[in-house]
Each structure stands twice: as structure tokens, then as C-alpha cells.
Amino acid sequence: MSHIQIPPGLTELLQGYTVEVLRQRPPDLVDFAVDYFTRLREARSRASTPPAAPPSGSQDFDPGAGLVADAVADSESEDEEDLDVPIPGRFDRRVSVCAETYNPDEEEEDTDPRVIHPKTDQQRCRLQEACKDILLFKNLDPEQLSQVLDAMFERTVKVDEHVIDQGDDGDNFYVIERGTYDILVTKDNQTRSVGQYDNHGSFGELALMYNTPRAATIVATSEGSLWGLDRVTFRRIIVKNNAKKRKMFESFIESVPLLKSLEVSERMKIVDVIGEKVYKDGERIITQGEKADSFYIIESGEVSILIKSKTKVNKDGENQEVEIARCHKGQYFGELALVTNKPRAASAYAVGDVKCLVMDVQAFERLLGPCMDIMKRNISHYEEQLVKMFGSSMDLIDPGQ
């Protein structure tokens, strides 16, 4: 037996099938295997793109979802129910803010003069660079964005300086230009760190959106520079704009199974910090081996998940990408690297036009604490089963290699 060679691709093939069995728990393994491998053959025959590009087509094939992803979580699967969905309020929220929501529609049209803080050309360039990836600004039209940039002011900070303190009234929203900052939450007289900002990101929006005290303390751990936006301008432009976005997204967010363990107020906070991105056919959304910075929920379209094979190479001698999953509307991906703090375990490509709701890593850590247990147990469940049956978990620990 020691001289028997395992054919190239056999391990990956069986791992994909095994994961689907674990996920779907079919009553008849033989019928399920026939259907699974038939669709696998059909998917392969329809693939017509080069090896390194995402396959095209519309097959409903999902041979490895939940395994990597940045693997996918199937909105139709019952995994979350089997994993004891946390009861709202049972787990310690990283941020728990409950208050009456500010309603922009009830506020009279403002007649206050626009706030303008003069800036040099060099300052303006630095500000634009710092704000280019801020999701709260993504849905602003050019005139609104210009007003926001005009109103922002620069603030330099020193080591150990408290930028905001838990329990204080919210006065400003902050965008980080440079510096590192700890996020501290105090509960039952115990203070703990729940995250860190590293030279990019933003904070302070929740207190301004919901008329509530600051939910966390932000302390500078290095010298740094911030751009602040006053409360009045933030509410006049950002909050009103987000109210329109909320009407568009709230029903969709409520339909995502993963988020059903959250309270209504928490789901609304997700709507307020989430952004929308559109991808064209074949466009790469995330890249295997890269650092993770966002979490994705598919609003419309189809996404192909691929990993680099260790046994297949393309004509250039590089590891060939192999499709292991397809995910659709309501499914999410990109969470594995955020939960494990590892590089991306897979790449994701748009199949046709795709629209995703995107949450940055800071908002993910801050708002999805109650869901983290489900995601971690999903990952552990698949890894344990794969190690037990195959002796490995397809290098989820070090996916970039």
C-alpha cells in the first residue's frame, strides 16, 4: 500500500465532495454523489476561460462552500441553526448602543451657513487621500462630498491622548490619516481592548447618528493625524444621505440569515456603515494571500470562489486556480480572514455583473460580535472534519503559500 500513488487532484475532489456532504447532510449519499459529480462534470465542460481567470457560466454548482472564503456561507443552509444561533443579548456586544434614531425627515430644512475650514492645496490632497476609502462617503454625490471636505478640520494627536471617551456626548466624526489607535470598551468596571486602527479607517459615527453617548474610548498609541467633521455637518449631509440608503437596504439586510441573531437596532447600524460596490464580469473582488480589509454580502449577481491548486499548473508554470464554490444573492464571503486574522484563503471573481454590500474590518469587528461565534464555529467544524478524514484542512492556516 505504501507504493500506491494518489492521482493528482483526487484529494481536492474528495474534499470538496465531503464538505458538501457535511453541509447539506443528504439522506442518500449515492444519489447525492451522482448529482454532485454530474454537475461538476457539466461545470468543467462549460468552462471556457483561461486557467487563471474565473470560469464563466451560470451553473448552480457549489462544491466547497463554507470551506474557504473567505469561503462562503450559504443563505439556504441550516448550518447556523445547527450551531445554536446566539440569542440576542446573550453575548457580549463590542458596541451596544440603543437609543431613539435620529430621523432626518423630521428635521426642517437647515438655513445655517456652510462650515468651511480653509486648507492649503497640500492639506486638501492629504484629506482626499485619507477619505477615498471611507464607506460613509461612498454614496455622496460630488457636491455633498465637496461640502464634507470643506467642513473637515485637521487634528494632531500625541501618544496616550484620548480622542473620544466612552460615555461622552458625540461632537465629531473622525477619519484617520496616520497613527495607531486602540478601541477600548469598559463594562462592569473592566476595560478591554476590542480592536485597533492602524493608519486608516474612521470612527465616531454611531454617537452622531443615534444621539447617544460614545460607545467606546479611542486612545492614540502613536503620534498621529486625524480629520474631524463637526456634528451639524455630519447630520445634515451624511445622516440624511444614509436615511435614503437605509430605505433601500434594510429589508435586504433583514433577509440575511447570519444577521438574524442581531437585534433590530444593530441591523440598522450595519445599514448605516455598509457601502455598496459594483463589479463587472470577470473582475477580481478579493485575492488569495492578500491581507483582508472587508466583508462582503452579495446583493445581486453571482461570485466564483477559487483557490490555487498545489497539483495543477498553468502554461506559465504557476499554480492554477480551481473553482471550489459559487455564491449568490444573500450569501456572504470574506469573513474567514477577518475571523482568523489570516491572509485571504481564496480569490473571488464576479460572474456577470455583481453588486455587493461591503463592510470594512473595523465595522465588522465592532458590529458583528454576536455573529462571530457562528462564523468561528463554522470554520472549526469544517476544519475538524477535514483533518479527521484527510489529515489536513487544505492549508487554511497559511493560505498564502
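Cβ from N, Cα, C; glycine included.
Positions annotated as N-acetylserine by Swiss-Prot: Ser2.
Here Swiss-Prot flags 2-135 as region 'Dimerization and phosphorylation'.
Swiss-Prot lists 46-58 with the feature compositional bias 'Low complexity'.
According to Swiss-Prot, the phosphoserine annotation covers Ser48 (among others), on the basis of similarity to another entry.
Residues or ranges marked as phosphoserine by Swiss-Prot on the basis of similarity to another entry: Ser75 (among others).
Residues annotated as phosphoserine in Swiss-Prot: Ser77 (among others).
Per Swiss-Prot, phosphoserine is recorded for Ser96 (among others).
The 3',5'-cyclic AMP 1 binding site annotation in Swiss-Prot covers 136-257.
Its Cβ placed at the centre, Thr212 (phosphothreonine) has 17 other Cβ atoms within 10 Å. In the three-state DSSP scheme, Thr212 (phosphothreonine) is classed as coil. Sequence annotations record features per position, and here Swiss-Prot assigns phosphothreonine to Thr212.
With a 10 A radius on its CB, Ala348 (3',5'-cyclic AMP 2 binding site) counts 30 other CB atoms from all the protein chains. The 3',5'-cyclic AMP 2 binding site feature in Swiss-Prot is assigned to 258-401.
On its own chain, Ser347 (phosphoserine) has Arg284, Ile286, Thr287, Gln288, Ile305, Leu306, Ile307, Glu321 as residues at least 6 apart in sequence with a Cβ closer than 8 Å to its own Cβ. Residues or ranges marked as phosphoserine in Swiss-Prot: Ser347 (among others).
Swiss-Prot lists Ser392 (among others) with the feature phosphoserine, giving similarity to another entry as the kind of evidence.
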TODO: Select the closest residue to Met248 (3',5'-cyclic AMP 1 binding site) from the following binding-site residues, measuring between CA atoms: Leu258, Glu276, Lys312, Gly330, Ala348.
DONE: Glu276
Open item on the list: On average, what pLDDT score does this prediction assign to the region 'Dimerization and phosphorylation' (2-135)?
Closed with: 58
Open item on the list: Going by a 10 angstroms cut-off between Cβ atoms, which of the binding-site residues Asp168, Glu276 has the sparsest surroundings?
Closed with: Asp168
TODO: Count the other Cβ atoms sitting within 10 Å of the Cβ of His200 (3',5'-cyclic AMP 1 binding site), across every protein chain shown.
DONE: 18
- [ ] Could you list the residues of the same chain, at least six apart in sequence, whose Cβ is under 8 A from the Cβ of Ser294 (3',5'-cyclic AMP 2 binding site)?
- [x] Ile286, Gly334, Val358, Met359, Asp360, Val361, Phe364
Task: Greatest C-beta neighbour count within 10 angstroms, which of the binding-site residues Lys312, Arg366 - done: Arg366
- [ ] Express the distance between the Cα positions of His200 (3',5'-cyclic AMP 1 binding site) and Gly330 (3',5'-cyclic AMP 2 binding site) as a whole number of Å.
- [x] 29
